[in-house]
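Annotated features, as they stand in TrEMBL:
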COMPBIAS  A:1-12  compositional bias 'Low complexity'
DOMAIN    A:92-281  domain 'ABC transmembrane type-1'
REGION    A:1-20  region 'Disordered'
TRANSMEM  A:34-54  transmembrane segment
TRANSMEM  A:91-116  transmembrane segment
TRANSMEM  A:128-151  transmembrane segment
TRANSMEM  A:157-177  transmembrane segment
TRANSMEM  A:214-235  transmembrane segment
TRANSMEM  A:260-281  transmembrane segment
(Lines of atoms letter the chains of each structure in order from A and count residues from 1; the text may use other names and numbers.)
(Lines give C-alpha, C1' and ligand atoms only; values in the text may rest on other atoms or scores of the structure.)
Protein backbone atom coordinates (compact mmCIF):
# COMPACT_ATOMS: atom_id res chain seq x y z
CA UNK A 1 0.00 0.00 0.00
CA UNK A 2 1.57 3.26 -1.08
CA UNK A 3 -0.20 5.11 1.70
CA UNK A 4 1.48 2.98 4.37
CA UNK A 5 4.95 3.47 3.01
CA UNK A 6 4.34 7.16 2.60
CA UNK A 7 3.17 7.47 6.19
CA UNK A 8 6.04 5.35 7.41
CA UNK A 9 8.85 7.24 5.77
CA UNK A 10 7.59 10.65 6.72
CA UNK A 11 7.64 12.11 10.20
CA UNK A 12 4.21 12.87 11.56
CA UNK A 13 3.13 16.28 10.36
CA UNK A 14 3.06 18.97 12.98
CA UNK A 15 -0.47 20.25 13.58
CA UNK A 16 -0.85 23.58 11.81
CA UNK A 17 -0.93 26.64 13.97
CA UNK A 18 -4.23 28.44 14.43
CA UNK A 19 -3.54 31.42 12.11
CA UNK A 20 -2.52 29.12 9.31
CA UNK A 21 -5.70 27.15 9.72
CA UNK A 22 -7.70 30.35 9.41
CA UNK A 23 -5.76 31.25 6.30
CA UNK A 24 -6.53 27.85 4.83
CA UNK A 25 -10.18 28.23 5.65
CA UNK A 26 -10.32 31.66 4.06
CA UNK A 27 -8.48 30.36 1.01
CA UNK A 28 -10.89 27.42 0.70
CA UNK A 29 -13.79 29.83 1.00
CA UNK A 30 -12.37 31.89 -1.85
CA UNK A 31 -11.83 28.72 -3.84
CA UNK A 32 -15.46 27.72 -3.30
CA UNK A 33 -16.70 31.09 -4.46
CA UNK A 34 -14.55 30.88 -7.58
CA UNK A 35 -15.73 27.34 -8.33
CA UNK A 36 -19.33 28.34 -7.74
CA UNK A 37 -19.01 31.22 -10.19
CA UNK A 38 -17.15 29.34 -12.92
CA UNK A 39 -19.25 26.16 -12.74
CA UNK A 40 -22.41 28.23 -12.41
CA UNK A 41 -21.69 30.10 -15.62
CA UNK A 42 -20.78 26.92 -17.53
CA UNK A 43 -23.94 25.20 -16.28
CA UNK A 44 -26.18 28.07 -17.28
CA UNK A 45 -24.63 28.23 -20.75
CA UNK A 46 -25.00 24.44 -21.08
CA UNK A 47 -28.62 24.28 -20.04
CA UNK A 48 -29.59 27.45 -21.90
CA UNK A 49 -30.43 25.84 -25.28
CA UNK A 50 -32.82 23.46 -23.53
CA UNK A 51 -34.36 26.32 -21.59
CA UNK A 52 -34.64 28.31 -24.80
CA UNK A 53 -36.60 25.52 -26.49
CA UNK A 54 -38.88 25.47 -23.46
CA UNK A 55 -39.59 29.18 -23.34
CA UNK A 56 -39.79 29.63 -27.13
CA UNK A 57 -42.43 26.97 -27.54
CA UNK A 58 -44.81 29.20 -25.55
CA UNK A 59 -44.25 32.14 -27.90
CA UNK A 60 -46.49 33.04 -30.81
CA UNK A 61 -45.35 32.95 -34.43
CA UNK A 62 -44.36 36.62 -34.47
CA UNK A 63 -42.43 36.40 -31.18
CA UNK A 64 -40.65 33.08 -31.50
CA UNK A 65 -37.53 34.60 -33.08
CA UNK A 66 -37.30 37.41 -30.55
CA UNK A 67 -34.73 37.34 -27.77
CA UNK A 68 -37.31 37.77 -25.01
CA UNK A 69 -36.42 35.44 -22.18
CA UNK A 70 -40.03 35.31 -20.96
CA UNK A 71 -42.72 35.34 -23.67
CA UNK A 72 -44.59 38.65 -23.78
CA UNK A 73 -47.74 36.91 -24.74
CA UNK A 74 -47.46 33.25 -23.64
CA UNK A 75 -49.70 30.87 -25.52
CA UNK A 76 -50.56 27.20 -25.57
CA UNK A 77 -51.82 27.34 -29.14
CA UNK A 78 -48.57 25.86 -30.51
CA UNK A 79 -49.22 22.63 -28.61
CA UNK A 80 -52.78 22.67 -29.74
CA UNK A 81 -51.62 22.91 -33.34
CA UNK A 82 -49.09 20.09 -32.93
CA UNK A 83 -51.68 17.68 -31.61
CA UNK A 84 -54.39 18.60 -34.10
CA UNK A 85 -52.44 19.02 -37.36
CA UNK A 86 -50.59 15.69 -37.12
CA UNK A 87 -51.40 12.52 -35.16
CA UNK A 88 -48.88 13.44 -32.50
CA UNK A 89 -50.69 11.56 -29.76
CA UNK A 90 -50.44 8.46 -31.93
CA UNK A 91 -46.68 8.98 -32.33
CA UNK A 92 -46.31 9.25 -28.57
CA UNK A 93 -48.43 6.17 -28.05
CA UNK A 94 -46.27 4.21 -30.51
CA UNK A 95 -43.10 5.34 -28.83
CA UNK A 96 -44.51 4.47 -25.44
CA UNK A 97 -45.61 0.98 -26.50
CA UNK A 98 -42.28 0.23 -28.13
CA UNK A 99 -40.16 1.64 -25.30
CA UNK A 100 -42.15 0.01 -22.52
CA UNK A 101 -42.30 -3.39 -24.23
CA UNK A 102 -38.61 -3.39 -25.05
CA UNK A 103 -37.77 -2.37 -21.49
CA UNK A 104 -39.86 -5.07 -19.82
CA UNK A 105 -38.80 -7.92 -22.11
CA UNK A 106 -35.17 -6.83 -22.10
CA UNK A 107 -35.02 -6.75 -18.31
CA UNK A 108 -36.57 -10.20 -18.15
CA UNK A 109 -34.34 -11.79 -20.80
CA UNK A 110 -31.16 -10.02 -19.73
CA UNK A 111 -31.60 -10.98 -16.11
CA UNK A 112 -32.20 -14.62 -17.08
CA UNK A 113 -28.97 -14.70 -19.05
CA UNK A 114 -27.12 -12.80 -16.37
CA UNK A 115 -28.32 -15.24 -13.71
CA UNK A 116 -27.05 -18.20 -15.72
CA UNK A 117 -23.72 -16.51 -16.43
CA UNK A 118 -23.18 -15.40 -12.85
CA UNK A 119 -24.64 -18.18 -10.71
CA UNK A 120 -24.80 -21.42 -12.68
CA UNK A 121 -21.87 -23.66 -13.61
CA UNK A 122 -21.77 -25.19 -17.05
CA UNK A 123 -19.34 -25.93 -19.77
CA UNK A 124 -18.67 -23.03 -22.14
CA UNK A 125 -19.78 -20.39 -19.68
CA UNK A 126 -16.75 -18.15 -20.08
CA UNK A 127 -16.76 -18.53 -23.84
CA UNK A 128 -20.40 -17.55 -24.03
CA UNK A 129 -19.81 -14.62 -21.74
CA UNK A 130 -16.89 -13.34 -23.82
CA UNK A 131 -18.90 -13.80 -27.01
CA UNK A 132 -21.78 -11.81 -25.57
CA UNK A 133 -19.44 -9.18 -24.19
CA UNK A 134 -17.67 -8.70 -27.51
CA UNK A 135 -20.93 -7.71 -29.20
CA UNK A 136 -20.72 -4.51 -27.14
CA UNK A 137 -18.14 -3.25 -29.64
CA UNK A 138 -20.66 -3.54 -32.45
CA UNK A 139 -22.71 -0.39 -32.36
CA UNK A 140 -26.08 -0.16 -34.04
CA UNK A 141 -25.24 2.25 -36.89
CA UNK A 142 -22.46 -0.04 -38.13
CA UNK A 143 -24.77 -3.02 -38.60
CA UNK A 144 -27.75 -0.95 -39.63
CA UNK A 145 -27.61 -2.14 -43.25
CA UNK A 146 -27.42 -5.92 -42.66
CA UNK A 147 -29.85 -5.66 -39.73
CA UNK A 148 -32.31 -4.04 -42.08
CA UNK A 149 -31.85 -6.91 -44.55
CA UNK A 150 -32.29 -9.53 -41.79
CA UNK A 151 -35.45 -7.91 -40.48
CA UNK A 152 -36.72 -7.56 -44.03
CA UNK A 153 -36.07 -11.25 -44.65
CA UNK A 154 -37.97 -12.11 -41.47
CA UNK A 155 -40.90 -10.09 -42.79
CA UNK A 156 -40.86 -7.79 -39.79
CA UNK A 157 -40.48 -4.43 -41.52
CA UNK A 158 -43.35 -2.07 -40.89
CA UNK A 159 -44.60 -3.79 -37.76
CA UNK A 160 -44.43 -3.26 -34.03
CA UNK A 161 -42.48 -6.49 -33.82
CA UNK A 162 -39.88 -5.08 -36.20
CA UNK A 163 -39.49 -2.03 -33.99
CA UNK A 164 -39.44 -3.98 -30.74
CA UNK A 165 -37.64 -7.29 -31.20
CA UNK A 166 -34.27 -6.11 -32.59
CA UNK A 167 -34.09 -3.47 -29.85
CA UNK A 168 -34.36 -6.03 -27.05
CA UNK A 169 -31.04 -7.73 -27.53
CA UNK A 170 -27.95 -6.03 -26.28
CA UNK A 171 -25.04 -7.17 -24.19
CA UNK A 172 -25.09 -4.06 -22.05
CA UNK A 173 -27.85 -5.11 -19.65
CA UNK A 174 -26.64 -8.69 -19.47
CA UNK A 175 -23.18 -7.48 -18.57
CA UNK A 176 -24.33 -5.06 -15.89
CA UNK A 177 -26.73 -7.55 -14.30
CA UNK A 178 -24.11 -10.29 -14.34
CA UNK A 179 -21.71 -8.05 -12.42
CA UNK A 180 -24.46 -7.41 -9.90
CA UNK A 181 -25.43 -11.07 -9.51
CA UNK A 182 -21.82 -12.07 -8.97
CA UNK A 183 -21.92 -10.13 -5.72
CA UNK A 184 -24.95 -11.97 -4.26
CA UNK A 185 -23.90 -14.34 -1.46
CA UNK A 186 -24.43 -18.03 -2.28
CA UNK A 187 -26.09 -19.00 1.03
CA UNK A 188 -29.60 -18.06 -0.02
CA UNK A 189 -29.47 -20.18 -3.14
CA UNK A 190 -27.92 -23.11 -1.31
CA UNK A 191 -30.72 -23.05 1.23
CA UNK A 192 -33.24 -22.96 -1.59
CA UNK A 193 -31.60 -25.92 -3.31
CA UNK A 194 -31.71 -27.90 -0.07
CA UNK A 195 -35.40 -27.06 0.11
CA UNK A 196 -35.73 -28.65 -3.30
CA UNK A 197 -36.23 -25.49 -5.32
CA UNK A 198 -35.47 -25.68 -9.03
CA UNK A 199 -33.39 -23.08 -10.78
CA UNK A 200 -36.40 -21.34 -12.22
CA UNK A 201 -37.83 -21.04 -8.71
CA UNK A 202 -34.55 -19.63 -7.40
CA UNK A 203 -34.53 -17.11 -10.20
CA UNK A 204 -38.13 -16.13 -9.54
CA UNK A 205 -38.08 -16.09 -5.74
CA UNK A 206 -34.54 -14.99 -4.93
CA UNK A 207 -32.83 -13.36 -7.88
CA UNK A 208 -35.67 -11.25 -9.26
CA UNK A 209 -36.68 -9.67 -5.93
CA UNK A 210 -33.05 -8.80 -5.23
CA UNK A 211 -32.74 -7.09 -8.62
CA UNK A 212 -35.34 -4.45 -7.93
CA UNK A 213 -33.03 -1.46 -7.62
CA UNK A 214 -30.73 -2.35 -10.49
CA UNK A 215 -33.83 -3.07 -12.61
CA UNK A 216 -35.08 0.43 -11.86
CA UNK A 217 -31.79 1.94 -13.02
CA UNK A 218 -31.65 -0.17 -16.17
CA UNK A 219 -35.33 0.41 -16.92
CA UNK A 220 -34.73 4.15 -16.96
CA UNK A 221 -31.78 3.76 -19.33
CA UNK A 222 -33.62 1.35 -21.64
CA UNK A 223 -36.72 3.46 -21.73
CA UNK A 224 -34.80 6.65 -22.52
CA UNK A 225 -32.72 4.97 -25.22
CA UNK A 226 -35.80 3.57 -26.94
CA UNK A 227 -37.87 6.69 -26.55
CA UNK A 228 -35.04 8.64 -28.16
CA UNK A 229 -34.34 6.14 -30.91
CA UNK A 230 -34.68 7.49 -34.41
CA UNK A 231 -32.43 5.63 -36.81
CA UNK A 232 -33.92 2.17 -36.56
CA UNK A 233 -37.55 3.35 -36.78
CA UNK A 234 -36.51 5.54 -39.74
CA UNK A 235 -35.32 2.59 -41.80
CA UNK A 236 -37.67 -0.08 -40.43
CA UNK A 237 -41.00 1.71 -40.84
CA UNK A 238 -42.71 3.65 -43.57
CA UNK A 239 -46.25 3.16 -42.31
CA UNK A 240 -47.72 6.39 -40.89
CA UNK A 241 -49.53 4.47 -38.16
CA UNK A 242 -46.26 3.08 -36.85
CA UNK A 243 -44.43 6.36 -36.73
CA UNK A 244 -42.62 6.95 -33.44
CA UNK A 245 -42.29 10.34 -31.86
CA UNK A 246 -38.72 11.09 -32.95
CA UNK A 247 -39.64 10.40 -36.56
CA UNK A 248 -42.77 12.43 -36.02
CA UNK A 249 -40.94 15.58 -34.97
CA UNK A 250 -38.32 15.18 -37.70
CA UNK A 251 -40.93 14.99 -40.44
CA UNK A 252 -42.99 17.68 -38.71
CA UNK A 253 -39.96 19.93 -38.99
CA UNK A 254 -39.61 19.08 -42.68
CA UNK A 255 -43.15 20.29 -43.28
CA UNK A 256 -43.03 23.33 -41.02
CA UNK A 257 -39.42 24.39 -41.42
CA UNK A 258 -40.10 28.08 -40.86
CA UNK A 259 -42.77 27.73 -38.20
CA UNK A 260 -40.39 27.46 -35.29
CA UNK A 261 -43.07 27.97 -32.68
CA UNK A 262 -44.77 24.75 -33.81
CA UNK A 263 -41.54 22.83 -34.34
CA UNK A 264 -40.25 23.72 -30.87
CA UNK A 265 -43.55 22.85 -29.26
CA UNK A 266 -43.38 19.42 -30.93
CA UNK A 267 -39.76 19.01 -29.84
CA UNK A 268 -40.66 19.95 -26.29
CA UNK A 269 -43.52 17.47 -26.18
CA UNK A 270 -41.13 14.75 -27.40
CA UNK A 271 -38.47 15.73 -24.89
CA UNK A 272 -40.73 16.16 -21.86
CA UNK A 273 -41.04 12.45 -20.97
CA UNK A 274 -37.26 12.12 -21.00
CA UNK A 275 -36.80 15.24 -18.90
CA UNK A 276 -39.41 14.04 -16.39
CA UNK A 277 -37.86 10.59 -16.17
CA UNK A 278 -34.48 12.25 -15.75
CA UNK A 279 -35.74 14.55 -13.02
CA UNK A 280 -37.28 11.69 -11.07
CA UNK A 281 -34.58 9.09 -11.54
CA UNK A 282 -31.58 11.34 -11.73
CA UNK A 283 -29.62 9.52 -9.03
CA UNK A 284 -30.28 6.13 -10.60
CA UNK A 285 -29.23 7.35 -14.05
CA UNK A 286 -26.05 8.82 -12.64
CA UNK A 287 -25.30 5.63 -10.73
CA UNK A 288 -25.85 3.37 -13.72
CA UNK A 289 -23.79 5.60 -16.01
CA UNK A 290 -20.99 5.41 -13.48
CA UNK A 291 -21.13 1.65 -13.03
CA UNK A 292 -21.46 1.02 -16.73
CA UNK A 293 -18.35 3.08 -17.19
CA UNK A 294 -16.14 1.45 -14.68
CA UNK A 295 -16.90 -2.21 -14.13
CA UNK B 1 -22.64 -22.98 -5.48
CA UNK B 2 -19.02 -23.63 -4.64
CA UNK B 3 -20.17 -25.75 -1.69
CA UNK B 4 -22.17 -28.17 -3.82
CA UNK B 5 -19.33 -28.69 -6.25
CA UNK B 6 -17.02 -29.27 -3.29
CA UNK B 7 -19.07 -32.21 -2.05
CA UNK B 8 -19.02 -33.67 -5.55
CA UNK B 9 -15.25 -33.89 -5.45
CA UNK B 10 -15.14 -35.43 -1.99
CA UNK B 11 -14.81 -39.22 -1.92
CA UNK B 12 -18.22 -40.78 -1.41
CA UNK B 13 -18.49 -42.45 1.97
CA UNK B 14 -19.34 -46.15 1.77
CA UNK B 15 -22.52 -45.81 3.77
CA UNK B 16 -25.99 -46.49 2.54
CA UNK B 17 -26.13 -42.85 1.47
CA UNK B 18 -23.16 -43.46 -0.76
CA UNK B 19 -25.01 -44.14 -3.95
CA UNK B 20 -27.32 -41.20 -3.59
CA UNK B 21 -24.44 -38.89 -2.84
CA UNK B 22 -22.54 -40.07 -5.86
CA UNK B 23 -25.39 -39.71 -8.29
CA UNK B 24 -26.88 -36.54 -6.95
CA UNK B 25 -24.10 -34.15 -7.92
CA UNK B 26 -24.01 -35.60 -11.42
CA UNK B 27 -27.69 -35.22 -12.09
CA UNK B 28 -27.54 -31.86 -10.42
CA UNK B 29 -24.69 -30.76 -12.68
CA UNK B 30 -26.66 -31.93 -15.69
CA UNK B 31 -29.79 -30.20 -14.49
CA UNK B 32 -27.79 -27.07 -13.79
CA UNK B 33 -26.30 -27.13 -17.25
CA UNK B 34 -29.66 -27.64 -18.88
CA UNK B 35 -31.18 -24.82 -16.83
CA UNK B 36 -28.33 -22.53 -17.79
CA UNK B 37 -28.82 -23.12 -21.49
CA UNK B 38 -32.54 -22.54 -21.14
CA UNK B 39 -31.94 -19.29 -19.27
CA UNK B 40 -29.52 -18.18 -21.96
CA UNK B 41 -31.55 -19.36 -24.94
CA UNK B 42 -33.71 -16.28 -25.66
CA UNK B 43 -30.71 -13.98 -25.56
CA UNK B 44 -28.45 -16.24 -27.55
CA UNK B 45 -31.07 -16.61 -30.27
CA UNK B 46 -31.75 -12.88 -30.31
CA UNK B 47 -28.13 -11.79 -30.21
CA UNK B 48 -27.27 -14.26 -32.95
CA UNK B 49 -30.11 -13.13 -35.19
CA UNK B 50 -29.90 -9.39 -34.65
CA UNK B 51 -26.23 -8.81 -33.83
CA UNK B 52 -23.95 -11.67 -34.84
CA UNK B 53 -25.54 -12.53 -38.19
CA UNK B 54 -25.75 -8.87 -39.26
CA UNK B 55 -22.11 -8.51 -38.27
CA UNK B 56 -21.03 -11.45 -40.40
CA UNK B 57 -23.37 -10.37 -43.16
CA UNK B 58 -21.79 -6.95 -43.35
CA UNK B 59 -18.48 -8.63 -44.15
CA UNK B 60 -20.03 -11.01 -46.67
CA UNK B 61 -22.20 -8.33 -48.28
CA UNK B 62 -19.11 -6.24 -48.93
CA UNK B 63 -18.27 -8.69 -51.73
CA UNK B 64 -21.72 -8.55 -53.26
CA UNK B 65 -23.76 -6.14 -55.23
CA UNK B 66 -27.31 -5.96 -53.90
CA UNK B 67 -29.91 -4.66 -56.29
CA UNK B 68 -33.33 -3.83 -55.00
CA UNK B 69 -34.36 -6.73 -52.84
CA UNK B 70 -33.10 -10.26 -53.00
CA UNK B 71 -30.79 -9.86 -56.00
CA UNK B 72 -27.32 -10.60 -54.71
CA UNK B 73 -24.48 -10.79 -57.24
CA UNK B 74 -20.96 -11.75 -56.23
CA UNK B 75 -18.65 -8.97 -57.37
CA UNK B 76 -15.39 -9.91 -55.69
CA UNK B 77 -13.44 -6.88 -54.54
CA UNK B 78 -15.24 -4.48 -56.85
CA UNK B 79 -16.78 -2.59 -53.93
CA UNK B 80 -13.37 -2.03 -52.41
CA UNK B 81 -11.88 -0.94 -55.73
CA UNK B 82 -14.76 1.45 -56.15
CA UNK B 83 -14.07 2.82 -52.68
CA UNK B 84 -10.46 3.67 -53.49
CA UNK B 85 -11.60 5.59 -56.56
CA UNK B 86 -14.58 7.27 -54.93
CA UNK B 87 -13.65 10.87 -54.15
CA UNK B 88 -16.75 11.28 -51.97
CA UNK B 89 -15.78 8.29 -49.83
CA UNK B 90 -12.16 9.43 -49.57
CA UNK B 91 -13.17 12.93 -48.55
CA UNK B 92 -15.65 11.54 -46.01
CA UNK B 93 -12.85 9.41 -44.57
CA UNK B 94 -10.55 12.42 -44.28
CA UNK B 95 -13.34 14.40 -42.64
CA UNK B 96 -13.99 11.58 -40.18
CA UNK B 97 -10.32 11.55 -39.21
CA UNK B 98 -10.41 15.32 -38.56
CA UNK B 99 -13.60 14.77 -36.60
CA UNK B 100 -11.92 12.04 -34.53
CA UNK B 101 -8.74 14.01 -33.91
CA UNK B 102 -10.71 17.02 -32.70
CA UNK B 103 -13.56 15.35 -30.84
CA UNK B 104 -11.79 12.55 -28.96
CA UNK B 105 -9.34 14.96 -27.27
CA UNK B 106 -12.08 17.59 -27.06
CA UNK B 107 -14.44 15.27 -25.19
CA UNK B 108 -11.61 14.00 -23.02
CA UNK B 109 -10.48 17.47 -21.96
CA UNK B 110 -13.97 18.89 -21.48
CA UNK B 111 -15.14 15.82 -19.55
CA UNK B 112 -12.08 15.74 -17.31
CA UNK B 113 -12.09 19.51 -16.88
CA UNK B 114 -15.72 19.56 -15.77
CA UNK B 115 -15.21 16.57 -13.49
CA UNK B 116 -12.29 18.33 -11.77
CA UNK B 117 -14.42 21.44 -11.35
CA UNK B 118 -17.46 19.69 -9.86
CA UNK B 119 -15.66 17.06 -7.76
CA UNK B 120 -15.53 19.13 -4.58
CA UNK B 121 -18.46 20.28 -2.51
CA UNK B 122 -19.72 23.82 -2.92
CA UNK B 123 -23.20 25.33 -2.94
CA UNK B 124 -25.51 23.97 -5.67
CA UNK B 125 -22.85 21.62 -7.05
CA UNK B 126 -25.42 18.82 -7.37
CA UNK B 127 -27.72 21.05 -9.38
CA UNK B 128 -24.83 22.12 -11.63
CA UNK B 129 -23.86 18.50 -12.27
CA UNK B 130 -27.47 17.81 -13.25
CA UNK B 131 -27.54 20.79 -15.60
CA UNK B 132 -24.29 19.72 -17.25
CA UNK B 133 -25.54 16.17 -17.80
CA UNK B 134 -29.10 17.08 -18.81
CA UNK B 135 -28.52 17.54 -22.59
CA UNK B 136 -27.47 13.89 -22.61
CA UNK B 137 -30.97 12.56 -21.93
CA UNK B 138 -32.52 14.53 -24.79
CA UNK B 139 -32.79 12.80 -28.15
CA UNK B 140 -30.40 13.75 -30.92
CA UNK B 141 -33.37 14.77 -33.07
CA UNK B 142 -34.51 17.33 -30.51
CA UNK B 143 -30.92 18.50 -30.05
CA UNK B 144 -30.60 18.98 -33.80
CA UNK B 145 -33.85 20.97 -33.88
CA UNK B 146 -32.84 23.18 -30.94
CA UNK B 147 -29.57 24.09 -32.61
CA UNK B 148 -31.09 24.56 -36.02
CA UNK B 149 -33.35 27.10 -34.34
CA UNK B 150 -30.64 28.84 -32.33
CA UNK B 151 -28.30 29.02 -35.32
CA UNK B 152 -30.84 30.17 -37.90
CA UNK B 153 -29.13 32.59 -40.28
CA UNK B 154 -29.57 36.31 -39.57
CA UNK B 155 -32.67 36.00 -37.35
CA UNK B 156 -31.62 33.18 -35.02
CA UNK B 157 -30.79 33.77 -31.37
CA UNK B 158 -27.03 33.43 -31.81
CA UNK B 159 -26.99 35.74 -34.83
CA UNK B 160 -29.03 38.36 -32.95
CA UNK B 161 -26.90 38.26 -29.82
CA UNK B 162 -23.68 38.48 -31.84
CA UNK B 163 -25.21 41.22 -33.96
CA UNK B 164 -25.76 43.30 -30.81
CA UNK B 165 -22.05 43.33 -30.13
CA UNK B 166 -21.32 44.18 -33.75
CA UNK B 167 -20.31 40.76 -35.06
CA UNK B 168 -21.81 39.44 -38.28
CA UNK B 169 -21.69 35.67 -37.81
CA UNK B 170 -21.19 33.27 -40.69
CA UNK B 171 -23.89 30.86 -41.71
CA UNK B 172 -22.98 28.23 -39.11
CA UNK B 173 -24.74 25.36 -40.83
CA UNK B 174 -24.95 26.74 -44.35
CA UNK B 175 -21.29 27.55 -44.99
CA UNK B 176 -19.24 24.47 -45.87
CA UNK B 177 -16.22 25.80 -44.02
CA UNK B 178 -18.13 26.14 -40.74
CA UNK B 179 -20.67 23.31 -40.75
CA UNK B 180 -18.41 20.51 -39.53
CA UNK B 181 -16.98 22.68 -36.76
CA UNK B 182 -20.53 23.57 -35.72
CA UNK B 183 -21.49 19.90 -35.56
CA UNK B 184 -18.41 19.22 -33.44
CA UNK B 185 -19.23 21.97 -30.97
CA UNK B 186 -22.80 20.69 -30.64
CA UNK B 187 -21.47 17.16 -30.08
CA UNK B 188 -19.18 18.35 -27.30
CA UNK B 189 -22.07 20.29 -25.80
CA UNK B 190 -24.37 17.31 -25.43
CA UNK B 191 -21.81 14.61 -24.63
CA UNK B 192 -19.40 16.32 -22.23
CA UNK B 193 -21.75 15.73 -19.28
CA UNK B 194 -21.61 11.99 -19.84
CA UNK B 195 -17.82 11.91 -19.85
CA UNK B 196 -17.84 14.23 -16.85
CA UNK B 197 -19.86 11.68 -14.88
CA UNK B 198 -17.51 8.84 -15.78
CA UNK B 199 -14.44 10.89 -14.88
CA UNK B 200 -16.17 11.95 -11.68
CA UNK B 201 -16.69 8.32 -10.71
CA UNK B 202 -13.02 7.65 -11.44
CA UNK B 203 -11.95 10.65 -9.37
CA UNK B 204 -14.11 9.56 -6.46
CA UNK B 205 -12.41 6.17 -6.47
CA UNK B 206 -9.04 7.76 -5.73
CA UNK B 207 -8.43 7.36 -2.00
CA UNK B 208 -8.35 10.65 -0.09
CA UNK B 209 -5.12 9.66 1.67
CA UNK B 210 -3.14 10.22 -1.52
CA UNK B 211 -4.26 13.81 -1.61
CA UNK B 212 -3.58 14.26 2.10
CA UNK B 213 -0.04 12.99 1.61
CA UNK B 214 0.42 15.27 -1.40
CA UNK B 215 -0.84 18.28 0.55
CA UNK B 216 1.46 17.48 3.50
CA UNK B 217 4.32 17.34 1.02
CA UNK B 218 3.36 20.83 -0.05
CA UNK B 219 2.44 19.82 -3.57
CA UNK B 220 0.62 22.52 -5.50
CA UNK B 221 -2.50 21.84 -7.55
CA UNK B 222 -0.56 21.07 -10.73
CA UNK B 223 1.92 18.74 -8.99
CA UNK B 224 -0.98 16.99 -7.26
CA UNK B 225 -2.71 16.51 -10.59
CA UNK B 226 0.47 15.26 -12.30
CA UNK B 227 1.52 12.86 -9.57
CA UNK B 228 -1.73 11.71 -7.98
CA UNK B 229 -4.83 12.32 -10.10
CA UNK B 230 -3.45 11.61 -13.55
CA UNK B 231 -1.71 8.27 -12.85
CA UNK B 232 -4.61 6.95 -10.74
CA UNK B 233 -7.13 8.02 -13.33
CA UNK B 234 -5.49 6.07 -16.12
CA UNK B 235 -8.00 3.17 -16.21
CA UNK B 236 -10.84 5.69 -16.52
CA UNK B 237 -8.94 7.58 -19.21
CA UNK B 238 -8.43 4.36 -21.13
CA UNK B 239 -12.11 3.53 -20.94
CA UNK B 240 -13.04 7.02 -22.12
CA UNK B 241 -10.61 7.01 -25.04
CA UNK B 242 -11.99 3.67 -26.18
CA UNK B 243 -15.69 4.43 -25.81
CA UNK B 244 -15.51 7.99 -27.07
CA UNK B 245 -13.76 6.84 -30.23
CA UNK B 246 -16.52 4.32 -30.90
CA UNK B 247 -19.17 6.91 -30.08
CA UNK B 248 -17.61 9.60 -32.26
CA UNK B 249 -16.99 7.28 -35.18
CA UNK B 250 -20.37 5.55 -35.25
CA UNK B 251 -22.71 7.84 -33.34
CA UNK B 252 -24.29 11.13 -34.13
CA UNK B 253 -25.81 9.88 -37.36
CA UNK B 254 -29.29 10.93 -36.22
CA UNK B 255 -28.07 14.45 -35.74
CA UNK B 256 -26.46 14.59 -39.18
CA UNK B 257 -29.62 13.27 -40.80
CA UNK B 258 -31.78 15.92 -39.14
CA UNK B 259 -29.36 18.83 -38.89
CA UNK B 260 -27.36 18.91 -42.12
CA UNK B 261 -28.18 15.89 -44.28
CA UNK B 262 -24.45 15.61 -44.88
CA UNK B 263 -24.31 19.05 -46.42
CA UNK B 264 -23.73 21.77 -47.32
CA UNK B 265 -21.61 20.58 -50.25
CA UNK B 266 -20.97 17.30 -48.41
CA UNK B 267 -19.05 19.18 -45.74
CA UNK B 268 -20.63 17.11 -42.94
CA UNK B 269 -20.70 13.80 -44.81
CA UNK B 270 -18.82 11.62 -42.35
CA UNK B 271 -18.18 7.96 -43.17
CA UNK B 272 -21.13 6.80 -41.08
CA UNK B 273 -23.40 9.21 -42.93
CA UNK B 274 -22.01 8.05 -46.26
CA UNK B 275 -22.81 4.44 -45.33
CA UNK B 276 -26.35 5.44 -44.44
CA UNK B 277 -26.73 7.46 -47.63
CA UNK B 278 -25.38 4.74 -49.91
CA UNK B 279 -27.67 2.14 -48.36
CA UNK B 280 -30.90 3.93 -47.67
CA UNK B 281 -30.87 6.77 -50.18
CA UNK B 282 -29.22 5.02 -53.17
CA UNK B 283 -30.03 1.40 -52.27
CA UNK B 284 -26.35 0.40 -52.60
CA UNK B 285 -26.38 -2.14 -49.77
CA UNK B 286 -23.28 -3.98 -50.91
CA UNK B 287 -21.17 -0.87 -51.29
CA UNK B 288 -22.47 0.49 -47.98
CA UNK B 289 -21.47 -2.75 -46.25
CA UNK B 290 -17.99 -2.59 -47.72
CA UNK B 291 -17.56 0.91 -46.32
CA UNK B 292 -18.99 -0.14 -42.94
CA UNK B 293 -16.53 -3.02 -42.76
CA UNK B 294 -13.65 -0.60 -43.33
CA UNK B 295 -14.99 1.42 -40.43
CA UNK B 296 -15.05 -1.65 -38.23
CA UNK B 297 -11.45 -2.38 -39.23
CA UNK B 298 -10.38 1.14 -38.25
CA UNK B 299 -12.15 0.79 -34.91
CA UNK B 300 -10.58 -2.60 -34.26
CA UNK B 301 -7.13 -1.25 -35.13
CA UNK B 302 -7.62 1.69 -32.81
CA UNK B 303 -8.84 -0.54 -29.96
CA UNK B 304 -5.91 -2.89 -30.48
CA UNK B 305 -3.50 0.04 -30.45
CA UNK B 306 -5.03 1.36 -27.23
CA UNK B 307 -4.86 -2.06 -25.60
CA UNK B 308 -1.25 -2.51 -26.70
CA UNK B 309 -0.18 0.93 -25.51
CA UNK B 310 -1.80 0.44 -22.13
CA UNK B 311 -1.28 -3.28 -21.67
CA UNK B 312 -4.98 -4.06 -21.78
CA UNK B 313 -5.97 -0.95 -19.88
CA UNK B 314 -4.22 -2.22 -16.78
CA UNK B 315 -1.20 0.10 -16.99
CA UNK B 316 0.91 -2.55 -15.27
CA UNK B 317 3.61 -0.11 -14.27
CA UNK B 318 1.24 1.18 -11.61
CA UNK B 319 1.50 -2.09 -9.68
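Here the Cβ of each residue, glycine as well, is placed from N, Cα and C on the backbone.
Within its own chain, the transmembrane segment (A:157-177) is flanked in space by residues 94, 97-98, 101-102, 105-107, 109-111, 113-115, 117-118, 132-136, 147-148, 151, 211, 214, 218, 222, 226, 229, 232-233, 236-239, 242, 244, 288, 291-292, 295, which lie at least six positions past its ends and keep a Cβ under 8 Å from the stretch. Remote same-chain partners of the transmembrane segment (A:91-116), defined as residues 6 or more beyond its termini with a Cβ less than 8 Å from a stretch Cβ, comprise 122, 125, 132, 160, 163-164, 167-170, 173-178, 180-181, 203, 207-208, 211, 215, 218-219, 222-223, 226-227, 233, 241-248, 269-270, 273. Proximity of distant same-chain residues to the transmembrane segment (A:128-151), defined by a Cβ-Cβ separation under 8 Å and at least 6 residues beyond the stretch ends, is recorded for 113, 117, 157, 162, 166, 170-172, 174-175, 178, 231-232, 235-236.
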